[in-house]
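Here the structure is laid out as structure tokens; the discussion comes afterwards.
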Amino acid sequence: MDESKAYGTGSSTSQSWLLLASSLAFGIGGTMALLTLVARLAVRYSDKTLYGASYTMLLAWVLSIITQSIVIVAVRSARLDLMYTAEAVRLLSHSAAEISIAWCCLNVLTGEWLKKAGRAIIAVIFIYTIVLLGLLIFRVTDGGFTERIRPEEGNVRCLAIPMAATAAGIITDIVLVALPVKSILQLNMTPTKKRRAILRWCSPVIPIFASAVRLFFLSSLLGSSDPAMHDAVVMVLMFAEVNLTIICGNLPATLLTIKKLKSKVSSETMAASGSGGECSTSHAPRGLDEFSLQSRDETERPWTGNGDDSSQRGMLATHSSTV
């Protein structure tokens, strides 16, 4: 069989551009993911709210770097078994990011059934991660998995596990995006602020599109006339998926960091022009749309629903502190 039809990266249809595309995706996407993570950790540390969700996102970022490094090595060596290893690490990275987001949602959700749904999602993530990871590890360590797998010969097993892992991630991502919307809509905020809050909390929907496109190319590999090209696209989309997951997971804290920096620059500029006194009192009110990182005040009872303004402020601060 012609080598250009093999499932892998050793063919002439993809080798010429795949390494460059992978390096660019790693360099640009990885840098942006790192910056958003640093912004989150810096704000958390400065506000003394560096808790479990942030550490879980840090773990997800480390695993995403390992994933992309393995893919680059696989591209250079054209070894399919390394792509299964990369898929296993990607699964761990994606699951860690999902758990971090779900952890945040648990502190935002109102209603006992919503909280139970959030805990159930975390349990589902743990279960499917363990099961699929075990299957991927078995596939990589299988003694018969030393030759290139050629999808056109009908070996569906080579794609079933990666497709299942991608599909499971898409489903749980959609649920995580939808869960906090009801709680946000119940807040005593202007419609504009509610829309902003929903857009920021639902930012993880962006990696879903990358995952969906990657799933499409994975499913089309079996019937493709140029599987090597489709496989190359799958690899590049894996870079986009892992980096977008980290970026969107840290987006609220990143926006808050940018806001703080702009406020500081504005304060220094006004102070230098002799208007420092005015600047020091021009703080924007705390709110969900700004993702304030104040820690929970147990005396405010934020979810009492009695309509009191102080209770609402406590609710917003509680919501924001877990992003």
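Including glycine, each Cβ sits where the backbone N, Cα and C put it.
TrEMBL does not curate its annotations; it predicts them automatically.
Keep in mind it's a predicted model, so treat the numbers as computed, not measured.
Features reported for this protein in TrEMBL:
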type	residues	note
TRANSMEM	17-43	transmembrane segment
DOMAIN	40-256	domain 'Rhodopsin'
TRANSMEM	55-76	transmembrane segment
TRANSMEM	121-140	transmembrane segment
TRANSMEM	160-181	transmembrane segment
TRANSMEM	201-222	transmembrane segment
TRANSMEM	234-258	transmembrane segment
COMPBIAS	271-283	compositional bias 'Polar residues'
REGION	271-323	region 'Disordered'
COMPBIAS	307-323	compositional bias 'Polar residues'
For the transmembrane segment (121-140), distant same-chain residues with Cβ under 8 A (at least six beyond the ends):
81, 84-85, 87-88, 91-92, 95, 98-99, 102-103, 157, 161, 164-165, 168, 172, 175-176, 179
Best-contacting stretch, by C-beta pairs under 8 Å, relative to the transmembrane segment (55-76) and drawn from 17-43, 160-181, 201-222:
17-43
